[in-house]
Amino acid sequence: MAFQKKTAISTLVLRILTLLSSIACIVLLVTDQIKFSDGSKTTFKDVIAYRYVLSTAVVGVTYTLVQLPFALYYAFKQKRLIHGELLPEFDFYGDKVVSLFLGTGVGAGFAVTFEFKDFLKDLFETLADLGVAEAGEFKSKLDKFLDRGNIATGLLFVAFICMALLSVLSSINKRM
């Protein structure tokens with residue numbers, strides 16, 4: 001019985017961590033923008049991979065909000081809110097699918113940030129060599145934009161790790 005209680009509490013803590021890190025990812029991405037001196041601006045919406053990162057975070061939040069009441073009940077009562085095999089099966093398959101989905105968002109976010117930073121480094125070196133005065137300011141703003149995207153993706157990575165651990169716990173719970 002003590003193992004079941006520890007598992008239930010671990011599940012609750014991991015679900016809360018998943019929720020918080022997914023929400024933080026969403027907030028950071030939605031507020032990520034650059035305003036240039038000519039009045040134009042760039043937001044996360046202009047980078048397709050960042051839109052995908054946002055959508056995976058929204059899926060993580062939605063799924064976790066659905067699961068949270070069941071996890072709370074299970075942690076405090078040490079029994080399922082819905083009896084039978086339905087809830088353990090839903091946990092088992094849902095946790096796996098959502099964790100894999102979050103993992104793809106993490107991969108997309110880190111990949112696009114790495115590729116943009118690598119490409120832009122070479123571009124700004126060339127612009128500096130050509131004597132373009134605004135290149136330094138433009139590079140600084142783009143670096144901040146991409147760094148925020150990277151941090152948001154890092155938060156999604158935390159959500160992915162928590163969900164992957166939940167996937168393992170739901171496999172254990174399914175056998176109990």
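Even glycines carry a Cβ here, placed using N, Cα and C.
TrEMBL entries are annotated by machine, without manual review.
For reference, TrEMBL has these:
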DOMAIN    5-113  domain 'Casparian strip membrane protein'
TRANSMEM  12-30  transmembrane segment
TRANSMEM  50-76  transmembrane segment
TRANSMEM  97-114  transmembrane segment
TRANSMEM  151-172  transmembrane segment
Report task. Return yes if the transmembrane segment (12-30) and the transmembrane segment (97-114) have at least 3 CB pairs under 8 Å (sequence gap of 6 or more), otherwise no. Result -> no
Query raised in the report: What are the helix, strand and coil residue counts for the domain 'Casparian strip membrane protein' (5-113) according to DSSP?
Result: 87 helix, 6 strand, 16 coil
